[in-house]
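Asks: Got a structure for you, written out below as structure tokens; questions coming shortly.
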Amino acid sequence: MSEVSCKKRDDYLEWPEYFMAVAFLSAQRSKDPNSQVGACIVNSENKIVGIGYNGMPNGCSDDVLPWRRTAENKLDTKYPYVCHAELNAIMNKNSTDVKGCSMYVALFPCNECAKLIIQAGIKEVIFMSDKYHDSDEATAARLLFNMAGVTFRKFIPKCSKIVIDFDSINSRPSQKLQ
């Protein structure tokens, strides 16, 4: 007698890849033409409790405020205005408490975000890129994390790309007989 296979798929996303992919997908919401960063906060039960991306504050027009990186006057740059992904993920949390949670983030946090992460009680930061490693902000963030006991580590992906194919839901699974 033949039966339809009931063996699970082997090519599913493991939790770390899933959470980092959610951070990267969230980053696609950013309107910043130069830097798209996303963050995903996860609790000990592998439940997402917060997602954020870099953008202007709620109620402030991202069509009016500047997106440039440099200008003669700092007020003509994005830096005094933009909210980082980490801030937005903490503020957008769907849980009353993120204490003890982990944060997956595309870019290693700056010192200002490190302070927010520490104050929120997040205990682990997993980042993809540390391209500003030698900056004063990243150095201060590492110092703060070390002092507060927040662990941080670089994410090592098992694959370099994850493809989202909206048409795949319409295909019928092949029926393999044993």
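If you go along the chain as it appears here, the first residue is 1 and each next one adds 1.
Quick reminder: no glycine exception, Cβ is built from N, Cα and C everywhere.
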Asks: What residue among S35, S95, S174 has an entry for phosphoserine in Swiss-Prot?
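Replies: In Swiss-Prot, S174 carries the phosphoserine label; others show none in the record.
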Asks: Restricting to the same chain and to sequence separations of six or more, state which residues have a Cβ under 8 Å from that of E86 (active site, proton donor).
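Replies: In sequence order, the residues whose Cβ lies under 8 Å from that of E86 (active site, proton donor) (at least 6 apart) are A39, G52, M103, V105, P109, C113, L116, I117.
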Asks: I need the neighbours of the Zn(2+) site defined by H84, C110, C113. Which other residues of that chain put their C-beta within 8 angstroms of the C-beta centroid, in sequence order?
Replies: A85, E86, L87, P109, N111, E112, A114, L116, E137, A141
Asks: Could you put numbers on the helix, strand and coil content of the domain 'CMP/dCMP-type deaminase' (14-145), residue by residue per DSSP?
Replies: 43 helix, 25 strand, 64 coil
